[in-house]
Structures are given as structure tokens and as C-alpha cells.
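Trainee: These came from TrEMBL, pasted as-is:
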REGION    1-38  region 'Disordered'
COMPBIAS  1-10  compositional bias 'Gly residues'
TRANSMEM  53-73  transmembrane segment
TRANSMEM  85-105  transmembrane segment
TRANSMEM  112-135  transmembrane segment
TRANSMEM  147-168  transmembrane segment
TRANSMEM  180-200  transmembrane segment
Amino acid sequence: MTREGPGPGLQVGAPGVEEEEEASPLQEPPFQAAGTTPGPDLEAHRLLSARGACLLSLLAITNALTNGVLPAVQSFSCLPYGRLAYHLAAVLGSAANPLACFLAMGVLCRSLAWLGGLSLLGMLFGAYLMALAVLSPCPPLVGTTAGLVLVVLSWVLCLGLFSYVKVAASSLLHGGGQRALLAVGVAIQVGSLLGAVTMFPPTSIYHVFHSGMDCVDLCGP
């Protein structure tokens with residue numbers, strides 16, 4: 001007696017596992033669900049893939065800038081343009097963070113090239129803000145409305161772009177399972193630590209940045 005194999009309409013496979021599944025940069029291999037232990041080489045390849053490494057690098061860099069570097073110079077870049085500029089940059093910059101997160105929930109960019117481009121654009125605004133802080137208390141366009149608008153707009157766009165990149169990169173890495181989430185957390189914390197440690201000497205020891213004085217014109221002839 002012969003046993004007939006499964007018909008043409010039947011598929012043999014593990015229950016609950018879809019045949020086609022969207023790939024993730026740090027996606028856990030399918031055999032992990034079957035209870036088998038992956039080899040160390042394959043597992044390291046998953047974690048150190050080029051796309052996953054780039055996303056983790058973006059997370060580390062953006063968190064270093066938003067949590068360490070830029071907050072250290074916000075007062076130096078804004079106060080030369082007045083207290084209103086500093087207030088608007090702080091309030092609107094904080095509002096840009098949740099708005100960018102909500103935008104990423106609805107429109108998620110999955111292209112690594114686009115995320116890299118958004119990061120570079122945010123770095124351009126960050127470089128402008130850093131230049132204003134270095135030139136404080138007499139940055140360009142000081143005492144003008146154009147200068148106030150530019151510094152506030154730069155803070156909002158810079159923080160908004162970086163917030164979007166962080167959410168998008170974390171979302172793309174989220175599907176990789178426990179190891180991916182651990183790698184995301186390490187990248188965020190290490191980046192924030194490096195940013196804070198980098199800015200401590202120039203701001204607190206060497207005093208590279210200088211603040212203006214209220215009611216005193218330090219930029220006059």
C-alpha cells in the first residue's frame with residue numbers, strides 16, 4: 001500500500017510561519033522558532049549586517065547630537081538674539097520631537113539612503129547652530145528679526161529631523177527580536193554618553209563658548 005503525498009494545494013511547513021515575511025535588518029532567523037540553536041557565525045552575521053550596522057550608527061550619532069552635543073550649546077546659540085529666541089527655540093524644539101514621532105507612525109521611511117540624507121540635513125542645521133555658539137556673543141545677524149527667525153527655525157528643523165530618523169531607525173530594527181532591541185538600547189545610550197562626554201571639556205573646563213550680558217552691547221564698535 002502506498003501513501004499519497006500532500007496534494008498540490010497543500011504546503012508542508014511549520015504552523016504559524018508565513019512563507020514570505022518582510023526582512024528586517026536584525027531579523028531573528030526562522031530556525032530559532034523551531035528550537036534549534038544557530039551557529040555563532042550566522043548569528044554574528046545577522047547582527048553585524050551592513051544595513052543593521054548603518055541603522056545602529058545613525059541611532060548612535062543622532063542621540064549623541066540631540067542628547068549631548070546640541071543641548072550644551074543651545075543657550076550660547078540663542079541668547080545673543082534675545083530671550084524670546086531662546087524661549088521659542090526651547091519650546092518649539094521640544095514640540096518638534098513628538099510631532100516627528102507621530103509623522104513616523106504614519107509615514108515611515110524604510111530607505112537607508114533617505115534616512116542618511118535626512119541625517120545629513122539635520123547635521124547641516126546642527127553645524128549652523130554650533131557656528132552660532134562659537135561666534136557668541138556676536139553671531140551673524142544679531143539684533144535682527146532675520147537672525148531670530150533663522151536660529152529658531154534651525155533648532156526646530158534640526159531636532160525634528162533627528163527625532164524622525166531615530167524613530168524610523170528604531171522601527172526598522174524592532175523586528176529583529178530581543179537581540180535587536182538590546183542593540184538599539186546600547187546604541188542610544190552609548191551615543192548619548194559620548195555626546196555628553198565630548199561637550200564637557202569645551203563647555204565646563206576650557207570655556208570655548210561665551211555668553212552675552214543683559215543690557216550690554218558687546219558687538220558694537
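Glycine residues also receive a Cβ, built from the backbone N, Cα and C atoms like all the rest.
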Trainee: Between 112-135, 147-168, 180-200, who has the most Cβ pairs under 8 Å to the transmembrane segment (53-73)?
Mentor: 180-200
Trainee: Cβ under 8 Å, sequence separation of at least 6 from the ends of the transmembrane segment (147-168): give me the contacting residues as numbers and ranges.
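Mentor: Hits for the transmembrane segment (147-168): 58-59, 62-63, 65-66, 70, 74, 77-78, 81-82, 84-85, 88-89, 92-97, 99-101, 103-105, 108-110, 115, 118-119, 121-122, 125-126, 128-129, 132, 139-141, 188.
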